[in-house]
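What TrEMBL records for this protein:
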DOMAIN    A:361-467  domain 'TMC'
TRANSMEM  A:78-105  transmembrane segment
TRANSMEM  A:158-177  transmembrane segment
TRANSMEM  A:248-272  transmembrane segment
TRANSMEM  A:292-315  transmembrane segment
TRANSMEM  A:336-355  transmembrane segment
TRANSMEM  A:370-387  transmembrane segment
TRANSMEM  A:394-411  transmembrane segment
TRANSMEM  A:423-448  transmembrane segment
TRANSMEM  A:469-494  transmembrane segment
TRANSMEM  A:543-560  transmembrane segment
TRANSMEM  A:580-606  transmembrane segment
Amino acid sequence: MYYYHPKFWIFNAFCAEAKLIGNLVSMSTRERIKAIQKMPETMKKKREIRNSLSEYFHQLQLWHKTLKIIGGKFGTGVLSYFVFLKWLLTFNIFSFLINFSFIAIPQFVAAEPNNLSFTGLELITGAGYFQETILYYGFYTNATISKTENGASYNMQLAYIFTVGIYFVICLFSLVFSMTKSFRRNFINPQAYSGNASKLLCTWDFNITNEKAVKLKQKNLSTQIKEALFEVNQEVLNFSLKERVVHIVIHLASWVASLGTAVVACAGVYFLSINNLELFMKERKNDLESQAAMLVLPIVASLLNAFIPFFYSWLGLLEKFQNPRHQIYVTITRNIILKISIVGILCYYWLNIVAASESQCWETLVGQDIYRLVLVDFIFCLLGCFFGEFVRRIIGTTVYVSLGVPEFDIARNVLDLIYAQTLTWIGIFFSPLLPGIQMISFSVVFYVKKVSLMMNCQPPRKVWRAAQMTTFFIFLLFFPSLVGVLSVIAVTVWRLKPSKECGPFRGLSSMYAAISEWIETLKNYPGSEWVVWIYQNLFQSELFFFILSTLLLIITYLYWQIIEGRKTMVKLLRKQIINVSLTFSFLLLKFGFFVDCLISCCAVVICFSYDSVGERHLTEIKMTSLRDFPI
Amino acid sequence: MGNKQTIFTPDLSFYCRLFYRYRDLAPQLVPLDYTDKPDVTLPYELIGSMPELKDNPFRQRIAEVFSEDGEGNMTLDDFLDMFSVLSEMAPRDLKAYYAFKIYDFNNDDYICKSDLEKTVNKLTRNELTPEEVSLACDKVIDEADLDNDGKLSLEDFQHMIIRAPDFLSTFHIRI
């Protein structure tokens, strides 16, 4: 009933098969295919072996056991943070691999010698020795690299643009795909959601396998049910006009306060960064003081990111929301606005001020800034973990016992991850090996957070709608994050003038000119006319994009109308179900009544006959309607 | 037990792993060689002592639903059934069907008020008073009962599942 039955003979041959699979794994793909083809077995068995091979590799899934333990103790909500972290890690691994293979390795062939000395300070500031390494854009050559005189050549300019471009296109498609898959799985009809019945029957988390965690979850559930019943019993309070106005004024004031804080933070970052640039341009001393001055901007940015959210949570408590879920959403929104504005102001500074400055190699400067930001963010993440969870637990269990053990703040941690990933994505163009650094950083963060979670935190008390929030966070990763990064890269490639003396695009009027020049050279090759045709008529013509956009808009509108139609249909059908069942019970009632009527309307006629002796005998019993007995 | 048609085919290595877990519960009872289809049934006590199940308040019901004899004593078939339905690969309808059976304590194909009361007590470890339990069950039935017969049928339950997107990830045991 469930799958295929050959499992019996499969288990029989399992020992031999395990050995076979072990042998097959160590071969290369071609040898493997040949070996499988040579085996004298049926097609079915071969298909199964091939399946099991792919699953063997799937088994090497990273951290499978760890995720199971975390889910078992803390539930699906906290687990979703770690799954998200693992997913972001794959983006970085992929980017590092392709950047390293296509950009860094060819550069080794044409590398210039590095004359600077290495002091340990470079690891933090990213300047100094690292400036003349493959870490930054400035080191890459603009030449066409070729090993032999007339051998195959490797055009560094094209490689740089295409590698980064193709990586972002793949990221875009994979994000859109995950987002739509998640949205489709987790879409709920908002008007029908009220939560009580589902809370009872659908939220027991079968993932939890730890005895203490199960007891805690049961206690939380009973508290929630009691609260829900209490709310139902209370009457809906009708606020007077005065109280409502006061509430609105408080809400407005908190929004003004939070937006004002964000604006002040951005202004601070902006002035600090301009100051930073002036400092850098004025003196190029390599002493400790100027090195330390370079770190002020990242430290201030990370401090703002770490402490302003506490202020926002405090504002949220002050506002006294009627629905506690609204408090969480509002706080998350304010944090998002803060982070977007900080990243936005930094991008503005990099693209408008640094790019137009008279420095020798502005792209490397930007790359160094981003390197420092990423590194300091990582350090602050570890520090935040230490103070926010470890020290807080010690305080909560010894000094202020009423505070209790801390909970793992899922929203805040996920937003930090998205911020770090956004910075990395911006930095890929200016520092191709940055994803490698972020890869290491995410792995360390995973282990540190896991250890801290096990040691210091308790499972969350409130229900965290993991599925919905994951969809929301993937959407956040897509919309402000990736789309913003793509716009920044687009502006860099199309509008900004690359520096004259460093990098793969030195001397060109814009980075995009590399592609236009390449298309020009392609015109001389007779076999590549189709590429030139595609470029001129599809990428460069505005009419094509206009037609494409109009088509897409029409299709979107059609799908939207289909969805609206289906919603109406669902409403109608639901009403019909209720009507049918009501009609059916009504009919049952009426039918019963009808049967009663029938019975009472019938007369039972018992016929007797008298025989010759005068004895009475029963002849027949029949039912007849009352109409035969007009009374 | 269970005649629901499935439309998914999980992978082979998953079943191999499950077979070894089943065998580990009682190595002297379960043979390695299943070609002659031996009739081996493990008692409920062994199944209920698995680390994935031993703290789950519904472990008894889960074992009863998936076992052939309805008492919780499982053959290999039942064991594999159970963990494939509870895996992440099973489709939503299949999970909803079995969740419904788990919560239906008296096996009458309806979740009536007494079933709900038992469920609530298991979920809250008997911490609520009987009045609170009764009130909560009334609310659930009011909300979810579409055809107004005072108890939840499979269709009502499935309709409720659509409104709970977390169900797929919470009705899941990793093994």
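Cβ from N, Cα, C; glycine included.
Counting C-beta pairs under 8 angstroms (sequence separation of 6 or more), the transmembrane segment (A:469-494) fails to reach the transmembrane segment (A:543-560), with fewer than 3 such pairs. Secondary structure by DSSP for the domain 'TMC' (A:361-467): 84 helix, 2 strand, 21 coil. Outside the transmembrane segment (A:248-272), and at least 6 residues removed from its termini, the chain residues within Cβ reach (under 8 Å) are 296-297, 300-301, 304, 308, 311-312, 315-316, 318-320, 334, 337-338, 341-342, 344-346, 348-349. When the stretches A:158-177, A:292-315, A:336-355, A:543-560 are ranked by Cβ pairs under 8 Å to the transmembrane segment (A:78-105), first place goes to A:158-177. Each residue in the domain 'TMC' (A:361-467) has a pLDDT score, and their mean in this model is 88. Listed by sequence, the residues of this chain that lie at least six past the ends of the transmembrane segment (A:543-560) yet keep a Cβ under 8 A from its Cβ atoms are 537.
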